[in-house]
Amino acid sequence: MESPGESGAGSPGAPSPSSFTTGHLAREKPAQDPLYDVPNASGGQAGGPQRPGRVVSLRERLLLTRPVWLQLQANAAAALHMLRTEPPGTFLVRKSNTRQCQALCMRLPEASGPSFVSSHYILESPGGVSLEGSELMFPDLVQLICAYCHTRDILLLPLQLPRAIHHAATHKELEAISHLGIEFWSSSLNIKAQRGPAGGPVLPQLKARSPQELDQGTGAALCFFNPLFPGDLGPTKREKFKRSFKVRVSTETSSPLSPPAVPPPPVPVLPGAVPSQTERLPPCQLLRRESSVGYRVPAGSGPSLPPMPSLQEVDCGSPSSSEEEGVPGSRGSPATSPHLGRRRPLLRSMSAAFCSLLAPERQVGRAAAALMQDRHTAAGQLVQDLLTQVRAGPEPQELQGIRQALSRARAMLSAELGPEKLLSPKRLEHVLEKSLHCSVLKPLRPILAARLRRRLAADGSLGRLAEGLRLARAQGPGAFGSHLSLPSPVELEQVRQKLLQLLRTYSPSAQVKRLLQACKLLYMALRTQEGEGAGADEFLPLLSLVLAHCDLPELLLEAEYMSELLEPSLLTGEGGYYLTSLSASLALLSGLGQAHTLPLSPVQELRRSLSLWEQRRLPATHCFQHLLRVAYQDPSSGCTSKTLAVPPEASIATLNQLCATKFRVTQPNTFGLFLYKEQGYHRLPPGALAHRLPTTGYLVYRRAEWPETQGAVTEEEGSGQSEARSRGEEQGCQGDGDAGVKASPRDIREQSETTAEGGQGQAQEGPAQPGEPEAEGSRAAEE
């Protein structure tokens, strides 16, 4: 497909200056004016030469194919029809039929329920867009779709692009799909993509070569490149060696593997080496493959070749490679033990397999760190602004704000990074969380710890804990009402070392890991004393006793640090349980120093600690104190009730208008607010305050012409409010009598029968005393 005005412009070999300028501007501003890779008549691309091997990002795929997945004219039935044959996770966005917003429709698995399509409303606000029920907010719809392609959050499973869009390699193919619009869902292109098998990337096959070909290489060795990342090589030889783990397989019958004289590449040939004997071996004995690893060193005897490099010399991505010690032996020396030499090939084979699996995580971590350093990206701007804001000064609920920012940044990073990293969504979230801790919490750790220490020292928490630790050491197990004894000195020192590691760690997840290790050591010591039947009732006193002898008041800071910054999903698991146990134990120790106060039992202290923690997590109580529940009586629809948010100083007149709006009353002048109390309705004056009414009644919004005695409720209650004598009340209620009418028992019984289904229906009220003239006048007026 040619763009108008582009065919025939310039020679076939050289693009015109105008097309070059257009392509340059398009590369400068891809987000504002995307230029598609449409070929011109010469076979080139109108948008300028595209870099070979360039991967189209997920955001570009969504932007170019917006007419396919954004169907604002489609209704719910059309969405069901288009998604009925699609694989689970396929989605489209339509306009809601019942609400003024857009809806995200997603195909569900067959066994998920009666409906195979779920709809989620997309809410728009000044801060961005978000799904209904989710706390994640994004700047635009495309960013939201990108994020939910990698993380499901409230969805049943992550979103998935149609296969034709996902496998498109160039902008030209995506533009061709975009031109189809809604017809893409029923086109042959989509059907062909569905019927075809879901093939993964074609990996390069290892080809067995003859001994003559192998001898042409340096040191008669075969190089095996890691096929997981064939196109991710760096510009230098050292970078190539880092990115592609090379394994040299010996062609001799015996090859004890030991550290080489010089790290490869290249592999030097040792002087005086015995000539290769592979020419006398059949090719089938050259290399025996295993399906689990991919290579195996043949057994036998023969001269040794230059040894393999150790894992420490190869940057294979193992997280523990920098912490392990080197392989014993000097350079160029053979293995010191024949038994160790026989085991090394298998160990190195297993290590190579693990390194290949861990390499994607290192790549994701490096990519996430680069994005967080770049202010031009959404995640980078959020992270850098967060660092600047925290360093500027303390704020209320600072740790909770940091945790929310980390969750938002993780969703943005998940949307930025493509799915080609060979990581599952759950593993991707774990790697991104770890990268965020390194980029955000590591530099902020000293600042946050100093602020926590100042705050806890100012309110006396640290002082009370230090005094409680001293008393617990002096009193022993009797301070907690327990007969348990301390673990052995060796076990106590092991627990102390784990707690010291916890204090030196900046990541909350790593701190919880150290806490679990310490608690495991304590459980082992507890079972040694009490047997297998020991439980939480014995564990909490033992934990408090061990903490007292470790004498680490700084654990109070770390308990709050972990509780606020730990990922919310981890708080409900084993880590959250033992973190709560640590907080309860510290609270129990802090209470020992208070004079004339008996220490609570472990169970009571645990409940109190949980209550305090929930108070920090839940919103304040005053947020719910401005709510009033009003019942609505109507002859046609019966009785309904609603909870209304009323300002503190709102009057009854304001509440009347609010009720008329909420209950959709067509004639609000004929309705009024009444207080149902003592089997009677009392008309409320317009000037009374809504939040200062008697609490022993029910607010009812009903027709004002129903029978009632004249007057104001304030006279019966004796409050003496001046609003009862206002002009508006005199117009609404003629007379100065009682404002409430007492219903007869028969009428009350009839009313209870009409309102038996959950509401107060229309009440046919009679006079309390038939002989009273005011009641008879009211009945006559009603007739």
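Placement of Cβ uses the backbone N, Cα and C atoms for every residue, glycine included.
Given the structure is predicted, the values throughout are model-derived calculations rather than measurements.
Looking at S96, S292, S310, S609, Swiss-Prot tags one of them with phosphoserine, and that residue is S609. Among S11, S210, S318, S424, the residue that Swiss-Prot annotates as phosphoserine is S210. Among the candidates S351, S356, the residue that Swiss-Prot annotates as phosphoserine is S351.
Comparing S16, S255 with the features listed in Swiss-Prot, the residue bearing the annotation phosphoserine is S16.
Mean pLDDT of the predicted structure over the domain 'VPS9' (456-598): 85. Using a 10 Å radius centred on the Cβ of R692 (omega-N-methylarginine) and all shown protein chains, the other Cβ atoms total 11.
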